[in-house]
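Asker: The following feature annotations were taken from TrEMBL:
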type     : residues        : note
DOMAIN   : 5-105           : domain 'Phosphomannose isomerase type I catalytic'
BINDING  : H97, E116, H173 : Zn(2+) binding site
ACT_SITE : R193            : active site
DOMAIN   : 240-315         : domain 'Mannose-6-phosphate isomerase cupin'
Amino acid sequence: MEAIFLEPVLQEKIWGGKKLSTEFHLDIPSDKTGEAWVISAHPNGPSVVKRPEAYAGQTLAELYEREPQLFGPNHPEPFPLLVKILDANDNLSVQVHPDDAYAQAHEGPNELGKTECWYILSAEEGAKIIYGHNASTKEEFEAYVEKGDFDGLFREVEVKAGEFYDVPAGTIHAIGAGITILETQQSSDTTYRVFDYNRKDDSGKERELHLQQSIDVSLIPHQDSEHTKRDLKVKANELTELVANDYFVVYKLDVTVEQAYAFEEDYYLATVVKGSGEVTLDQETYPLKIADSFILPYGPKDVTFSGDMELVISKPVF
């Protein structure tokens with residue numbers, strides 16, 4: 001068994017910046033680069049396999065179709081997860097995502113909803129996210145929107161590095177300026193914008209809002225997820241579970257010594273978010289640095305991590 005390493009897909013965004021280059025050492029296309037899709041089989045940005053040589057040059061979507069043994073029996077179509085690093089140099093639009101049922105009814109029969117979660121990698125002093133809203137009923141939500149009282153509608157939360165936020169489908173949310181995150185999500189690119197700060201794109205047009213869809217899918221009233229962890233404690237060299245839901249399980253691992261780990265047969269997705277080190281899989285050792293992203297394939301496996309680094313690791317639930 002060999003680890004599968006992937007090339008990230010860089011996405012330019014109106015709110016993006018330079019940190020994917022300056023902090024994560026990725027080759028960005030411009031100073032407005034907002035996202036690195038580090039593990040993706042989505043058609044809007046499929047990752048390409050770097051190694052092993054036998055699979056190099058294939059997209060992850062192609063590998064998923066051609067080599068099903070790497071992903072286990074009964075794995076779903078399409079590839080279920082998408083992992084990103086986001087650099088918010090400016091505020092993201094305030095948005096909400098549908099669940100599976102709404103996405104399939106309104107966006108297409110093969111579309112997934114979008115439940116996601118964020119591990120905060122860095123946050124400038126005073127940086128904030130929008131996480132939820134203040135409306136008690138759908139009618140109250142609509143009234144806030146009709147009046148344009150978005151300050152009254154949205155809930156702001158000041159954040160710091162090391163916090164974890166669970167963002168189920170239907171949660172109003174936005175990453176604020178000065179924040180970088182590692183996002184694990186369902187493999188969906190469906191976003192309904194509620195508010196975009198009246199910004200204009202390069203052609204001078206304001207970006208489209210999706211107010212009716214937003215009202216349709218938003219959780220009203222808002223409830224903070226029980227999995228959100230603002231006082232997250234991660235013990236070194238222990239696989240710490242951050243969230244387990246119907247779509248994925250996400251872990252944090254802080255490596256300071258060489259240690260073996262008992263991974264289940266499932267396949268796992270991993271991204272180095274700080275530092276450097278090595279991973280040994282079935283007696284083959286691979287060097288790791290920040291932003292490296294790889295898959296540990298399905299099957300029994302002996303996995304050892306060493307070095308001084310932090311990783312976010314996930315596996316799909318199906």
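Please read every residue number as a count from 1 along the shown chain.
Glycine too: its Cβ is placed from the backbone N, Cα and C atoms.
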Asker: Roughly how many Å separate the Cα of H173 (Zn(2+) binding site) from that of R193 (active site), to the nearest whole number?
Answerer: 10
Asker: Counting Cβ atoms within 10 Å across all protein chains shown, which of the binding-site residues H97, H173 comes out on top?
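Answerer: Of the binding-site residues H97, H173, the most buried by Cβ count within 10 Å is H97.
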Asker: Long-range neighbours only, meaning 6 or more apart in sequence with Cβ under 8 Å: which ones does R193 (active site) have?
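Answerer: Result: S93, V94, Q95, R207, E208, L209, H210, S214.
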Asker: Can you check what DSSP calls H97 (Zn(2+) binding site), collapsed to helix, strand or coil?
Answerer: coil
Asker: Counting only residues 6+ away in sequence within the same chain, which have a CB under 8 Å from the CB of E116 (Zn(2+) binding site)?
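Answerer: The list for E116 (Zn(2+) binding site) reads H97, V167, E183, T184, Q185, Q186, given in order along the sequence.
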Asker: In which DSSP state, out of helix, strand and coil, do we find H173 (Zn(2+) binding site)?
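Answerer: DSSP call for H173 (Zn(2+) binding site): strand.
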Asker: I'm checking region-level scores; what's the whole-number mean pLDDT for the domain 'Mannose-6-phosphate isomerase cupin' (240-315)?
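Answerer: Averaging the confidence scores along the domain 'Mannose-6-phosphate isomerase cupin' (240-315) gives 97.
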Asker: What are the helix, strand and coil residue counts for the domain 'Mannose-6-phosphate isomerase cupin' (240-315) according to DSSP?
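Answerer: Taking each residue of the domain 'Mannose-6-phosphate isomerase cupin' (240-315) in turn, the totals are 0 helix, 53 strand, 23 coil.
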Asker: Based on DSSP, tally up the residues of the domain 'Phosphomannose isomerase type I catalytic' (5-105) by helix, strand and coil.
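Answerer: When I sort the residues of the domain 'Phosphomannose isomerase type I catalytic' (5-105) into the three classes, I find 23 helix, 35 strand, 43 coil.
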Asker: On the three-state reduction of DSSP, what should I expect for R193 (active site)?
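Answerer: Note: R193 (active site) is in a strand by DSSP.
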